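Annotations per TrEMBL:
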type     : residues               : note
BINDING  : Pro192, Thr194, Arg199 : L-glutamate binding site
DOMAIN   : 111-286                : domain 'Ionotropic glutamate receptor C-terminal'
DOMAIN   : 117-183                : domain 'Ionotropic glutamate receptor L-glutamate and glycine-binding'
TRANSMEM : 238-256                : transmembrane segment
Amino acid sequence: MSSKYPDGLTGRIEFNDDGDRRFATYSILNYQQKPGRLVQVGVFNGTQVVMNPQRKIIWPGGETEKPVGYQMSTKLKIVTIHQEPFVYVKPTKSDGTCKEEYTVNGVLIKKVICTGPNGTIPGQPIVPQCCYGFCIDLLIKLAMSMNFTYEVHLVADGKFGTQERVNNSNKKEWNGMMGELLGGLADMIVAPLTINNERAQYIEFSKPFKYQGLTILVKKEIPRSTLDSFMQPFQSTLWLLVGLSVHVVAVMLYLLDRFSPFGRFKVNSEEEEEDALTLSSAMWFSW
């Protein structure tokens, strides 16, 4: 393959030993809303950027000045809590390292050093411990993807975070992991922290990684068949009203037939007379 070619539509074509193009000129374009198109504000010739002083870059929002950014630390302070199976906490070995353990499938369990109070030692001193579990695996994957380092520590009071009154006053402060995050002692919470409206007003949650529904378990009753099983669909009050309405309808039919000119006291006609409706007949008809 030749490294030199005749001039093309984009100018002189030539490649170096690495296969990169020489003498290439790239246009720096900026989309500006007022013209409604891309505007060339500079060029890049392969070695340096040359900006056009007559054409300024229009930043989002119509600003001509470069927005002031902020630099985020690449080493984050992570706070977590002992909550199996999301976060397991085990003591370190005598040399300060974590014991190697494997899953049932032979996969090495990834562990990190986390500092926190040791409840097995009087006074609960802050000592290095080994943390591992689902949330720790998630943290390791996230750090590799987002390119940051971290140091993990356990929450001092062992609480997730709720608002509590200060000295019986109306002022409330957060405790637990919420308090450390809002107080600047931690940059991120990596734990099975429940999302609720009260916490969402102060911090920003990630997408849920586990959904947990609350269920109530009760003893299953053995169905029993009795003589009054047919009455179970309705309450006793409704059954009484149904029985009462049947008798009311029967009485109304009897009275209408008794006092109607076309019933018991109908006018004389050549047609064969029918038996008058009695109360018992009306009751039978209603039932």
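Using N, Cα and C of the backbone, Cβ positions are placed for all residues, glycine too.
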Enumerate same-chain residues with a sequence separation of six or more from Pro192 (L-glutamate binding site) and a Cβ-Cβ distance below 8 A; give 'none' if the list is empty.
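In sequence order, the residues whose Cβ lies under 8 Å from that of Pro192 (L-glutamate binding site) (at least 6 apart) are Gln83, Phe86, Val87, Cys135, Lys210.
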On the 0 to 100 pLDDT scale, where does the domain 'Ionotropic glutamate receptor L-glutamate and glycine-binding' (117-183) sit on average?
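On average, pLDDT over the domain 'Ionotropic glutamate receptor L-glutamate and glycine-binding' (117-183) sits at 85.
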Does DSSP give Arg199 (L-glutamate binding site) helix, strand or coil?
helix
For the domain 'Ionotropic glutamate receptor L-glutamate and glycine-binding' (117-183), how many residues does DSSP put in helix, in strand and in coil?
20 helix, 20 strand, 27 coil
